[in-house]
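Summarising the annotation, TrEMBL assigns domain '1-deoxy-D-xylulose 5-phosphate reductoisomerase N-terminal' to 4-132. Annotated NADPH binding site per TrEMBL: Thr10, Gly11, Ser12, Ile13, Asn124, Glu126, Gly210, in sequence order. The 1-deoxy-D-xylulose 5-phosphate binding site feature in TrEMBL is assigned to Lys125, Ser151, Glu152, Ser181, His204, Ser217, Asn222, Lys223, Glu226. The domain '1-deoxy-D-xylulose 5-phosphate reductoisomerase C-terminal' annotation in TrEMBL covers 146-234. According to TrEMBL, the feature Mn(2+) binding site maps to Asp150, Glu152, Glu226. Among the features that TrEMBL reports, domain 'DXP reductoisomerase C-terminal' is placed at 266-382.
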Amino acid sequence: MQTITILGSTGSIGVSTLDVIARHPERYRVFALTAHARVEELAQQCKQFRPQVAVVGSAGAAQALSRLLREQGVATAVEYGPQALCAVASAAACDTVMAAIVGAAGLEPSLAAARAGKKLLLANKEALVMSGQLFMDAVAENHATLLPIDSEHNAIFQCLPQSFARAPEQHGVAKIVLTASGGPFLRREVATLESVTPEEAVAHPNWVMGRKISVDSATMMNKGLEVIEAHWLFGAAADRIEVLIHPQSVIHSMVSYVDGSLLAQLGNPDMRTPIAHALAYPERIASGVGPLDLAKIGQLDFLAPDFQRFPCLKLAYDALEEGGSAAAILNAANEVAVQAFLDRAIGFRMIDQLIHRVMDRLPARAVSGLDDLLEQDREARQLANTCITS
Ligand code: NAD
Ligand code: MG
């Protein structure tokens, strides 16, 4: 029996995780569920999965959740705040943590799970992008097991040899090929991108996801963050990581070997596949995802990415090359810019311009530890906000 904490259980990944867990009650038990503000959904999840603990973002939300749970006769204890998130991520009573909070808010609880040596299922790519070496050191030093949930990285993981030890050249790996759908604006006239609305940007052609990652997919910053994520997960230098646009999202990513072999993982675009893979690893369990009907799909297309259309992808490669805190600055500026775009405070093309400006004005430094990293994250957010209002 695996006992699981789901950080961000009311989000898109959280809900898919609970869907897989519900199919295998004999294998998985939920220890804790967490949500920021969606108290009613969380109460419903508590009623169904009976966790020991539920964590929310504020005292007010905790009060509301406690009342709902009392009314329904559910005995789950309610806590709130960042420290409670770290506590349920590192509790002795849980062995597996699904890290599915969106953005930098997920860093400290994800890191707490790594430090506690958990089996860590990582969806929260921003945490790894920000903290890089710090995160990987915590995993290694505490013998945590890090399994990628991002569909591309999960695909790559499946295409690498079992013995893979973050040294591509030692395993005959020539390239890691991250596929990208290209998002909703792949074929839209570049000149018209300035006027796209948040509704258009979040309408992803293949995947149903949270709003932030949907905007990241439209700018292709999502792929940029994934390039950095792949660097840390697989120990690959930037020039060994290639992005290939594949609009159908059927091939989730590939690994190219020195002998000319190209291994790919294919499937329907449904996050329950990588979630089930990581939950059961190294076994396989049913996920609820149907088999891929290639005859019906008929054709798979590929094209090279265009940095003019998608400048965010280039900015992410630049940050990876620069090293130090550059990726954390990129991530912070992007989070502020995406939120401002969703709030209609800036236009779509201002997202990349703002990140560029922040990266230009804030030099990357070496990161001496978590406090220093959080300080540099704060500085980047402050500068991004100043650029928006000035
Ligand atoms: P979402 O917006 O649907 O859900 C986010 C979850 O995080 C919610 O449960 C929310 O309550 C919680 N949360 C938000 N802000 C918080 C805060 N400040 N403190 C604590 N909790 C907070 O997002 P999502 O699409 O499920 O994505 C989650 C993570 O997984 C992201 O990092 C994303 O990049 C990654 N990811 C998602 C997908 C996908 O298909 N949705 C695929 C790959 C990777
Ligand atoms: Mg992905």
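Placed from the backbone N, Cα and C atoms, the Cβ positions cover glycine too.
Shown here: features listed in TrEMBL, placed on the structure.
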| residue | record | DSSP (3 states) |
| --- | --- | --- |
| Thr10 | NADPH binding site | coil |
| Asn124 | NADPH binding site | coil |
| Asp150 | Mn(2+) binding site | coil |
| His204 | 1-deoxy-D-xylulose 5-phosphate binding site | coil |
| Asn222 | 1-deoxy-D-xylulose 5-phosphate binding site | helix |
>> On a simple 10 Å Cβ count over all chains shown, which one of the binding-site residues Gly11, Gly210 is most densely packed?
In response: Gly11
> If you check the binding-site residues Lys125, Glu126, Gly210 one by one, which have a CB less than 6 Å away from any atom of ligand 2?
Replying inline: none
>> Let's see if you can do this one: DSSP helix, strand and coil counts over the domain 'DXP reductoisomerase C-terminal' (266-382), in that order.
In response: 68 helix, 2 strand, 47 coil
>> Let's check the environment of Glu126 (NADPH binding site): how many other CB atoms sit within 10 Å of its CB?
In response: 27
>> Which binding-site residues from the set Glu152, His204, Glu226 have a C-beta atom lying less than 6 Å away from ligand 1?
In response: none
> Looking only at Thr10, Gly11, Ser12, Ile13, Asn124, Glu126, Gly210, the residues listed as binding NADPH, what is the longest Cα to Cα distance in Å?
Replying inline: 18
> What residues, ordered by sequence, lie under 8 A Cβ-to-Cβ from Ile13 (NADPH binding site) and sit at least six positions away in the same chain?
Replying inline: Met98, Ala100, Ala123, Ile149, Gly210, Met271, Ile275
> Quick one: DSSP breakdown of the domain '1-deoxy-D-xylulose 5-phosphate reductoisomerase N-terminal' (4-132) into helix, strand and coil?
Replying inline: 64 helix, 27 strand, 38 coil
> Lys125, His204: which of these binding-site residues has the highest Cβ count within 10 Å of its own Cβ?
Replying inline: Lys125
> For Asp150 (Mn(2+) binding site), which residues of its chain lie six or more apart in sequence with Cβ-Cβ distance below 8 Å?
Replying inline: Leu122, Ala123, Lys125, Glu226, Glu229, Pro274
>> Name them in sequence order: residues not among Asp150, Glu152, Glu226 whose Cβ is within 8 Å of the mean position of the Cβ atoms defining the Mn(2+) site.
In response: Lys125, Pro148, Ser151, His153, Asn154, Leu178, Asn222, Lys223, Leu225, Glu229, Ala230, Ser253
>> To see if you understand the setup: which same-chain residues, six or more apart in sequence, place their Cβ under 8 Å from that of Ser12 (NADPH binding site)?
In response: Val208, Met209, Gly210, Met271
>> If I restrict to non-local contacts, at least six residues apart, and a C-beta distance under 8 angstroms, what lies near Thr10 (NADPH binding site) in its own chain?
In response: Ala35, His36, Arg38, Glu41, Leu42, Gln45
